[in-house]
């Protein structure tokens, strides 16, 4: 099957009001998003600290949407089971965060979750060439992780293309996800290069016509770009 | 002046519903607490990750209560200004988290906040004997930090007493705070030993008669213990 | 009860022939030792790597002697259960090896073993003043750990005395152990200062009259020194 | 010359009885193995601690077989000379264990040993593309290192092939070694992909017909696979 | 434009008399060098400690030559602004020194300096394939960094060629620099492979005919090699 | 003998012109200083990088003054021999920089140098209570190390007194040194508390009447304070 072809629009909760995350999640569900991404940052792997398993678990009870945890943390192995227990159906491990990436990804599967891997902007695609058989998702970061609201790095599109080709040579289904600076002006480039799962933050939460319009806009632009590609 | 003698009751937000932290803070204010403690954990200094500056900042707008950040993180220096900007009037640095404790505490003051220092259960009181002149607060941990709901370690009371004596020999006002397992059954021991600022979590949030009753109960028991002492 | 007053003679296996550890253990049992110490070194906490749980477990089946593991390793928490499962009835944690010494010692107890703590030569006795209630044994290192055959540091005797006094003020039984350079010429100083459990390596294995004579000699000299003290 | 074409069968001693390693080594020599691999683990680079230079040195005197040390340790530079002094004729350095891999490998040669490099399952082959001229051996891990008895990761065969091609473009002789899950059912895949030096553990020690039969079986199956390739 | 084609000869100051660095810099300027490289080593990233921003700043006032800082340090992000403030117009970041290379390089630009990246001998060229658009210079190390006076590693020439091709596919100007063992006997190989900016240390300072002759010699040999290529 | 009673005035070279260190050293010798302190900083133990062994060695040939190296570096053990070879007769190790302080200090002696230990402002005096027999010098930091020109922390005087008492109970000669903010206005406090060896930087180099006058002034004020004490 190779690359999963459905367009998925997934919010990052970074721009939400953290004092009312439950409300934010409910609003996102109403707006028609496909899943929710939790940007887990530890202040060590990235220069910001956001939230951990208990925050995610607290939001688990207000929605039926799937949750993915984007683990921007050092030494992720020890926390895998906690994020699955918090209600995440998909865990995304940074290739730069573990000396034994193959084992870490295997442990995610063993814990009962789907398996994703993320690459920082500078990390070459070859970092994952030996683990694709373990993957449900490849996340190509289009900003340096740590903060919302950063500008899309368009030179990542060649890496998106490489990820697409690499994933498409496998017989199981793999999502190609992008995260960072995704908005109406960048979605075409990302999708043309091969992205199908689009994480958006500021462009959703700050859209003048509201969340639902924003989600629809991203989805439509992505659909058009995919048909052209 | 030495040790500040007012009894202060301060909730840890760890047991709150993290999907509605704003509501929790409003409820705590109504219940009559004196300040709010934010348990900042990074998953490296302690084996749990909770929340960082953006979560605290989001709650800043719903209350006029003072905020203290209990920084259970490695390398705190780089984040001091962010926690002050998030609205914390007091920052608590773990003595075990920095090679240059005197400098780190000085930076907290320079950033415009009050200065606290925390000691893990095993850490001897001599770890702070050279920095007391910089302090507004000494936090004696009565559990090993990382999680709410743990049992009070009563052997810490001799350390509380030592902190009391140490602080009382200085001419500026210093709070003696305890955190961990504080409830109606442990408050007497802690206050008798010298604690005056009491952080409570589970015992407040799980009290059968509600938050306000719980706060009042802790406050009254503490007042009685102080008078006896 | 305070300090346990029985003299115990305990071999370090460092000088043994590692290709026949089973034989060495059998010989030690015949020689009348009271327990066996396993010097676990990871090459990071100390500049030498020796052996881990599987080596200890392999020797478990050839003797009924008790085993103690002296863990000279970084991040001991993650390995506690393995050393207990390997057959150690007592685990000794270095105070310098963990940020949360009180928690680590508690985990040893929880795992079903007796609890010891070790202090490097430079580490002051106050490092353990808040954890004595958790302890079955205090190990005062009389050499810098890492290698067998080093010379006894006699200035540690004042620390041995401090440990003795500290332990003796508690109502449960605590062993005072020394390790490093213990031989017929140093045992008197150590025991006079308060040591009762004596770890010996080279002086046992290289004794001209054999292991049993060596053990008896240490035991007798220690007994005399204790009676004098 | 490129890839060394002789089939070599090499035991890992992990499944041996560590209380009688000398006997195990003698048995392995009788069984006709070509060299002995020592799995050196420090509990930091991998989640297990096995043995260090003194254990290897103790076995050195009971056999004339060559020894290789597979160094699964952090900061290997400081220990290179000790493993050579312990009697290892070949040292295998993990590419993930040093920031200056080219220098570390050069130091192995300078210390008087042959030079190998190992790659964790996730590590891409390009990690060694600039150091092949320094190598006598490339070890492609077919399990995540840390424990014996794990299952062979067959997707590593494409990396074995890449290593074969890379090595074969050089004019000096280089061994292609595999380690992890090698048994009668996996040897064909590994050899077909290009492996010639086969490390086996459980499949040797637990063979129903004994060590010698097991070694012969692996050797024969490997020979057949090589001829087909 | 791709690779910048001018030959530049740049001294490393490592062999200079550090008690009279000002004089050394003046001499180098007279000798006709094109820029000065400062080998900043911290004793952690490399096994030597040399000098930091204050040393560079002290030399800034005695010459109008451009300065480049070759940062052989861990965690370079926190020091970028200091090296720019010290008067460096170009900062060279090691690809192995930061988890977020793309961000670090962006910060150099933001601080107002030109952007270089360095690769240790073992580091593959793919480590920088996603950051070339940010670069003014690629430094291929031809020794393992840490000391002057080491021998040129000629196998790096294939990496120099790869860097040349990679850089030449971009439309902005990028220098290809080499550092380590550059002398009259190695410059041809390096330039033929694609190097245009040549860092030399011992071969300049120890040249029998003096600095100026040495610079001229390197420059001429490089010019010839470039024309042949 | 206990505390060495001679007043020694020792310059820190931090304020010197690093482009002409040789001249600075010659000037300092003319000004009558008793020894020269080299502030070795690695950018990791302290937030500044200064210079290492080669800089010190380059200045060794222009003076006959004794050199002391104040090692503000992580992992000092590996560099001890280099600083001795560079011409330092005294090495000062930070108590906070090594897990095995007793061993590190012993290695300094073994390398042929005198042995000093330094304490950061927050570090309690008990950190060295078990190593005094190894010491020729105790350095009480009166600023947080990293930069010249900082203000004297007068609360360190009680630690200076404790160091004096501790040292004076030993029978060999030990210097009590202070470093940080020492000037005509602070020398009395430091000497009254027990300091005898005074490190000064800015107050020497920026004195309106020149270096020699500055040295004489410090020496005289110290002499008066000592006589009063």
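Just so you know, glycine gets a Cβ as well, placed from its N, Cα and C.
Within A:136, A:179, the residue that TrEMBL lists together with A:39, A:70 for binding divalent metal cation is A:179. Summarising the substrate site geometry, the residues cited as binding it (A:12, A:70, A:146, A:147, A:148, A:149, A:179, A:180, A:181, A:201, A:202) extend over a maximum Cα to Cα distance of 17 Å. Counting only residues at least six positions away in the same chain, the Cβ atoms of A:12, A:14, A:15, A:39, A:201, A:202 sit under 8 Å from the Cβ of residue A:148 (substrate binding site). Taking the active-site residues A:39, A:179 in turn, the residue surrounded by the fewest other Cβ atoms inside 10 Å of its Cβ turns out to be A:39. Least packed by the Cβ count within 10 Å, out of the binding-site residues A:146, A:181, is A:146.
DSSP assigns residue A:146 (substrate binding site) to coil in the three-state reduction, placing it in neither a helix nor a strand. Comparing the binding-site residues A:12, A:202 on other C-beta atoms within 10 angstroms of each C-beta gives the minimum for A:202. On the backbone, the CA of residue A:70 (divalent metal cation binding site) and the CA of residue A:179 (active site, proton donor) stand 10 Å apart. Counting only the Cα atoms, the space from residue A:146 (substrate binding site) to residue A:179 (active site, proton donor) is about 12 angstrom. Excluding A:39, A:70, A:179 themselves, the residues of that chain whose CB lies within 8 A of the CB mean position for the divalent metal cation site are, in sequence, A:12, A:14, A:37, A:38, A:72, A:92, A:118, A:139, A:145, A:199.
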